[in-house]
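Chemist: The domain 'EAL' annotation in TrEMBL covers 389-640. For 12-29, 41-58, 64-86, 107-129, 149-169, 199-218, the entry in TrEMBL reads transmembrane segment.
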Amino acid sequence: MFNWISPFNYDFAIASIPIQIILLLFYGFRRNLPIRQSVFFWIAMSSNLIMTISDIISCEMNEAWMIFPLWVMYAINHAYFLGFIIRGWSLFMYTAESTHSYRKSDHIFKIIASLPAFISVILILSTPWTSAIYTIAEDGYHNCSLYKTIYFSTYFYIIASLFLVIRFWKQLSRRMKAGLLSFNLLLLFGIIIRKQFYHMLVTSYFSILTILIIFLTSENPDLYRDNRTSLLNKNALNRIGKELRERKIPFSLMTISINNYEASKVIYGVNQINDELKIIAAWLLQNYRNNYLFYIRNGVFIVLIKGHLEKDPSLVINEWIEKYELLRKSCDDIVPIQASMMFLSESLISEHALLVSDLASYAINSSFEENRKGNYYFSDKMIEGVKKHKAIEKAIKLAMLEKRFEVYFQPIYSNADGKVMGAEALARLNDPEIGFISPLDFIQIAEKNGDIIEIGKQIFEKVCMFLENVDVKQLGIEFINVNLSPIQCMSINLPGDLAEIAKKHNVPMDMFDFEITESLIDDYDMIQVTIASLRAMGAELSLDDFGTGAANLTSLINLPIHVVKVDMSFVRSYFAGKAGFLPDLISLFKHSKMAIVVEGIETLEMKDKMAELGCDYEQGYYFSKPIPPAEFIAYMEAQAGQA
């Protein structure tokens, strides 16, 4: 065992050194994000390692001061104190960067925040002449009158960091909240322990725990890399974009998206498409190596061009078209991949406060159609779509929180009975600021972000509340159709959740006919389980919007579904003379013993013709548009009066 000269216990400090070195090397050799937050993390790691090593060496040298030159004694002690101060300051600056607390008063904030560290550094550097912090006299090392300044600086930065975390708590992600709060509290605890157990060097140990927390929660380079392509990911795009904006550094974007990405995976196979993604990533690294390159998933690449564009944007676009065409031709014998591209100018990005990924996302969604028109520029007019999307997204969140989604009912007419026998429950949203929001808009957005699951539950509960409070049987209503989104049907808990809500309001499940969109046929196994569970509870199921998805008739006929809703587009096309096959389609369903509902009935001619063709139920504006519950009750009462 090594015999130490000083009375200090180095076990914790020595144990932390290999971890610090490994982490520092790993972080240094990996491609971390080019943002200030990462720079301060690097400074914190480096200064902590210097502090740890110099702390051990200085403690030993201070016991044998007489055998070392005075300047060496001051140098090694200075290294410890400077490392201690810089580590505290850099961790505070890391917190400040993470909370973006410097945005409104950048220069003033930096000056105020740096004062304690600056004063401490001046005192340390002046110590050989002023003996401010410590002195090395004839009888050895001694702390001096301003020694406590070192700890004051550290306490200041920890308390200030905690203040920033609390001040900007709502703006932080859950992961950042946990990381920032825990590492600052841990650092404070370590300093207190060090003061209580003076001869035990534990500061470095708590510091490395702090650094590990930061690394695991937000600084691990793998958090910002796509595994398949090794390019930066969406999280990296938002962080880099946010920093460039805050530092007022101009940048522009190019979005590159593979056309029909999902279909290509089905046709060529996932492995083949993954190989193609790697080829495109390598091509980007070769042709755009001086820019930031991202892969956002689902066949989408982004090139971020930092600084003012040196070329005319049209030249950049033309170069991309020419280069990508060469790449595409070289890959035709593997997979013929077509791609769309949009260019977002620095002026457009700087004028709008939307997340960079949101801007890019809308550009990606519109790139295919815009490229077909010969347009490769994302314009101010197009950005209104992004703002509308974000406004609707916000309205959805608020409506869910306040349970403001409304249920409207559209009557379903029975040809056999000659009257309305059912109704379809439809979700409606009226926002206090935006006004009426089309279901086509909010449902699409809710399905993308997953909110449709909660919306579906709220709508179903309101339907059940209506059925609980109104004697619909007396009104002549035998069934209520309720839509299920594809996202809802992916949950194995769906049947149980619906049954629980219905039971809560004393509504039998056989009152419902759940409509499932045709696109769900792609997930054949899941839909089989869902249908079987719901039918076992007494509910019926319909295939909604037949003709708009990709299901084949063989799969449809084999499914345990006994009701098919023919989409209104078929009906309109038939009466426009463009869908002469509709009678044959209806006949096919009839022979398969399926009940048929047709949507989009708008005239008496349509009603009579669809009845003549053998449709069982009809729905459309000829009977009524979707109406609120009170109006629906009045409508049914009026129908009963006419009968």
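Please read every residue number as a count from 1 along the shown chain.
Here the Cβ of each residue, glycine as well, is placed from N, Cα and C on the backbone.
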Chemist: Do you know the mean pLDDT across the domain 'EAL' (389-640)?
Modeler: 87
Chemist: For the transmembrane segment (12-29), what are the same-chain contacts with Cβ under 8 Å, counting residues 6+ beyond its ends?
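Modeler: Cβ under 8 Å, 6 or more out: 41-42, 45-46, 48-49, 52-53, 55-56, 200-205, 207-208, 211-212, 215, 219, 221.
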Chemist: Take the transmembrane segment (199-218) and find every residue of the same chain, 6 or more past its ends, with a Cβ under 8 Å from one of its Cβ atoms.
Modeler: 7-10, 12-13, 15-17, 19-20, 23, 27, 37, 41, 44-45, 48, 51-52, 55-56, 59, 84, 87, 91, 94, 98, 175-176, 178-179, 182-183, 186-187, 189-191, 193
